[in-house]
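Asks: This is the structure, below, for whatever I ask next.
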Amino acid sequence: MKISDNEVGREAFELPSIGGLAGLTARTVFGAVTAPPAPSFALTCRDGLIGSWQSESERMVAPFLDVSGCTLLPGFIDVHIHGSAGGDVMDASFESLEKMSRFLVRHGVTGFYATTVTASRQATLAAVENAARYMEASRWGNDENGPAGARVLGIHLEGPFLSPEFPGAQNPAFIRPASLEEFEELLAAGPVRMITLAPEEPGADALIEMALGAGVRVVLGHTAATFEEATAAIDAGVSQATHTYNAMTGLHHRRPGALGATLGDDRIHAQLIADGIHVHPAAMRILGRCKGPTRTLLISDAIGAAGMPEGRYEMGRLPVIVRDGACRLEDGTLAGSVLTMDAALRNFMAAAGWPLVQAWPTTSLSQAQALGIDREVGRIRKGARADLTVLDGEAQVVATVVGGRLAYLRDSWRLRDGDG
Ligand SMILES: [Zn+2]
């Protein structure tokens, strides 16, 4: 998308391809640390950062985005995503990450954690090294002068130190016992910020300790842990659960399992795939009631097939068939999703019965707090990065701003309100 071609607002102006927006107007805002001057207001941006509130009557300096009538939120963050738009993190190519960066802004995502799948040591290392180079090269959203897309915020390793009993769609051929030496090599290769592992597996204790010492968030998942084992892992510092309900021991009233530990303990954040396929809406509602808005992390767990026609794809070298919005291995096991974060939010709001005023943290603040980056993103705060998502009354994405630069603007909105 060539942003310099867009014309928006009451007065047509050319969006700069270099530099950022001077600000934007909106009707409602959630996630702001200080309240805007009611009833109408504008938010200024400067040097890619959030500036201050102005009353709308004050003259905004062009270029500004006029989305009055819409709702402004902190930009969405996806902490668990393998691919989209035909690109996959495991491709270990800039092109694949670019496809993701470009696609994700259409769905309100301003930052994501490039998530590996369980694969060979070489393939995992290649994916980590590539993501690290991509971040360093300041491509797509990381560069003030380059095109604006969703930023890669770090790397999330999903496996390979998982439970062979709960592989889900992770390739069981590559699941292996925890290895400090392999983990150290991955840490040295790039900014690994999260690792999903099974805490009950041999060697996991030492690996958890090493990860926490390196500032990596440890995430419980693909696990056969009992309630007691999962609770011990939380005591040891595990602070998040990967796709809660899926690929973990369930909640039985005498054996509460990893799920019981996740739902009942405030020390752990819960990721949720809110596509209505992985988890029943009633179970989403229960999760919301147990974890609350700031401990519920909506994720996509999307694979390269997201945003692509249905058909045959591949994940972790296993064939995946995408049909009727579900991704499955040949044996019927669910294999990631084609979910997007905006759809996840709408599905979760419907399932939980939460309005946006209550649900908004599940796509941004929860993630930022869980990852310890909430000074930089996840809140609309002066001096924070101007990563913003604009929604209409149906929680559909109207615009996405990354680092103060317009990365996406919906055509129908432009046609309705634009005069360009
Ligand atoms: Zn996954």
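In case you wondered, yes, glycine gets a Cβ from its N, Cα and C as well.
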Asks: Looking at the substrate binding annotation from TrEMBL, with Ala169, Asn246, Ala247, Arg254, Leu334, Ala335, Gly336 already listed, which candidate in His269, His278, His280 is the matching residue?
Replies: His278
Asks: Quick check: of His222, His253, which does TrEMBL put in the same Zn(2+) site as Glu158, His243?
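Replies: So the Zn(2+) site in TrEMBL includes Glu158, His243 plus, from the candidates His222, His253, His222.
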Asks: Calculate the per-residue pLDDT averaged over the domain 'Amidohydrolase-related' (71-405) and state the result as an integer.
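Replies: Here the mean pLDDT over the domain 'Amidohydrolase-related' (71-405) amounts to 95.
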Asks: Does DSSP put Asp301 (active site, proton donor/acceptor) in a helix, in a strand, or in coil?
Replies: coil
Asks: Quick one: which of these binding-site residues, Ala169, His222, His243, Leu334, Ala335, have their CA within 10 A of Asp301 (active site, proton donor/acceptor)?
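Replies: Matched binding-site residues: His243, Ala335, sequence order.
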Asks: State which of the following binding-site residues has the fewest other Cβ atoms within 10 Å around its Cβ: His243, Arg254, His278.
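Replies: Fewest other Cβ atoms within 10 Å, among the binding-site residues His243, Arg254, His278, is found for Arg254.
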Asks: So which recorded positions out of Ala169, Asn246, Asp301, Leu334 are up against ligand 1, CB under 6 A?
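Replies: From Ala169, Asn246, Asp301, Leu334, counting a Cβ under 6 Å from ligand 1 as near, the near ones are Asp301.
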